[in-house]
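Undergrad: According to TrEMBL, the feature domain 'Major facilitator superfamily (MFS) profile' maps to 7-417. Residues or ranges marked as transmembrane segment in TrEMBL: 12-34, 46-67, 74-90, 96-118, 130-154, 160-180, 217-241, 253-272, 284-301, 307-329, 350-369, 389-412. The region 'Disordered' feature in TrEMBL is assigned to 427-462. Residues or ranges marked as compositional bias 'Polar residues' in TrEMBL: 436-448.
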Amino acid sequence: FGRTRARVTHAVVVIFLEFFAWGLLTTPMLVVLHQTFPQHTFLMNGLVHGVKGFLSFLSAPLIGALSDTWGRKSFLLITVFFTCAPIPFMKISPWWYFALIAVSGIFAVTFSVIFAYVADVTEEHERSTAYGLVSATFAASLVTSPAIGAYLSAHYGDSLVVLVATVIAVADIAFVFFLVPESLPDKMRLSSWGFPISWEQADPFASLRRVGKDSTVLLICVTVFLSYLPEAGQYSSFFLYLKQVIQFSPEAIAAFIAMVGILSIVAQTLFLSILMRTIGKKNTVLLGLGFQLLQLFWYAFGSEPWMMWAAGTIAAMSSITFPAVSALVSHNASADQQGVVQGMITGIRGLCNGLGPALYGFIFFLFNVELSDVQPVAGRGEQPTQRSVIPGPPFLFGACAVILALIVAVFIPENHRLVDAKNQTANKPAHGSAAHAQNGSTLTTPTSDAEDIEPLLQDSSM
């Protein structure tokens, strides 16, 4: 096919196709979930996504570090394949479907490689725009796909929806295999296959221990953990919550996703860049956390559909939080360490993706919020779940976590040189460090105010 130049466009197409395929399955998944786990549906949903998230936490640093030496394309192919592998099993065997979702977390860390891919093909001053584009692409992929999936499911059945999603997933894998070029320069890759990294680089807990050596990095990571923990739990159960507790129809859920997706695109492309230039990184983080806090309180105490729609607009604005946080760490990493840095950040989010869904499912279980009667919602009649003072207890817990995140974020310095990621170069084995040392002297990131923004959303939204 000839050697084409790696571009941000390649990363955008990969992300769009992957999450468009998953978005189609939003409505069928709610039905299959309850049919497979008729008892304790919220709890089992949380456990499935919790296992996936925890496995992603364990594997993300390893995959990120290996992609720094062996190249991005091969690992991009692996992560896309395993992320999409469960899709056809939704109709073949629901039990295998949920089992594969859980196990796929070992390799389903596409964003970890995508972030590094974008860093390879962009200059310092271009990276903020590029990451914003990838982030907006994720939201764009979910604007229409749930509505299309709901329409196909209602008129032609769930089998057709699963078939279409499978075809799109296969097209995404083929696109990576045939058309996506390698982004990592040849001089930065090893000429032969081996195992050029140490156990310390692959150990996710070691990466967390390294984080603690720099107080600023520690504050940033604690902020990420406290703010993303409720967000991860929300991703895993929110559509189920809208259907059961708020009595949204499948069409209303699809419209809700579309609205939040469109507003998120605007927030992450237009508002984010303006805010980063005018009020700075730290204040943008604080503003995003404020939006997230308001959104979670509204979800916790809201009991009417209009309240969910209003809170959804605020949720879109809160999507600026994580890109602003990641700007504090990513732009100071050297060129040959982008995969390690992105893997570390993705690992922290993976830990949240494990704890958040399980925690939300357990809180729903404790407060007896259960799928006692899932039928096509007509929007009328008696509701299967009795109203309580706090309709969404997990969201109240999430709001408390975000309050703590706000307190921690206040103490983050406005400007600080992060060195942890760069120091990792010295820890690499001798046979893999020569090329990196050469590039580390010429390709280290400038100390300008340019900011790298990595996407907020991740693989475990389904």
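Including glycine, each Cβ sits where the backbone N, Cα and C put it.
Map these features onto the structure and tell me what's around them.
TA: For the transmembrane segment (12-34), the list of distant contacts is 41, 44-45, 76, 80, 83-84, 87, 90, 94, 97, 110-111, 114, 133-134, 137-138, 140-142, 144-146, 148-150, 152-153, 158, 161-162, 164-166, 168-169, 171-172, 175-176, 180, 239-240, 243, 250, 253-254, 257, 371, 374, 455, 459, 461-462: same-chain residues at least six beyond its ends, Cβ to Cβ under 8 Å.
Remote same-chain residues near the transmembrane segment (160-180) are listed as 1, 4, 6, 10, 13-14, 17-18, 20-22, 24-25, 27-28, 73, 76-77, 80-81, 84, 87-88, 90-91, 149, 152-153 (criterion: CB distance under 8 Å, separation of at least six residues from the stretch ends).
Long-range contacts of the transmembrane segment (389-412) within the same chain, counting only residues at least 6 positions beyond its ends with a Cβ under 8 Å from a Cβ of the stretch, are 216, 219-220, 222-223, 226-227, 229-231, 233-234, 237, 241, 245-246, 282, 285-286, 289-290, 292-293, 296-297, 299-303, 328, 359-360, 363-364, 366-367, 369.
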Undergrad: Do any residues, 6 or more residues outside the transmembrane segment (284-301), come within under 8 Å Cβ-to-Cβ of it, and if so which ones?
TA: 223, 227, 230-231, 234, 272, 275-276, 307-308, 310-311, 314-315, 317-322, 324-325, 328, 390-393, 395-396, 398-399, 402-403, 405-406, 409-410, 412
Undergrad: Please give the average pLDDT for the domain 'Major facilitator superfamily (MFS) profile' (7-417) in this predicted model.
TA: 79
Undergrad: Report yes or no: does the transmembrane segment (253-272) come within contact of the transmembrane segment (74-90), defined as 3 or more CB pairs under 8 Å with a sequence separation of 6 or more?
TA: no
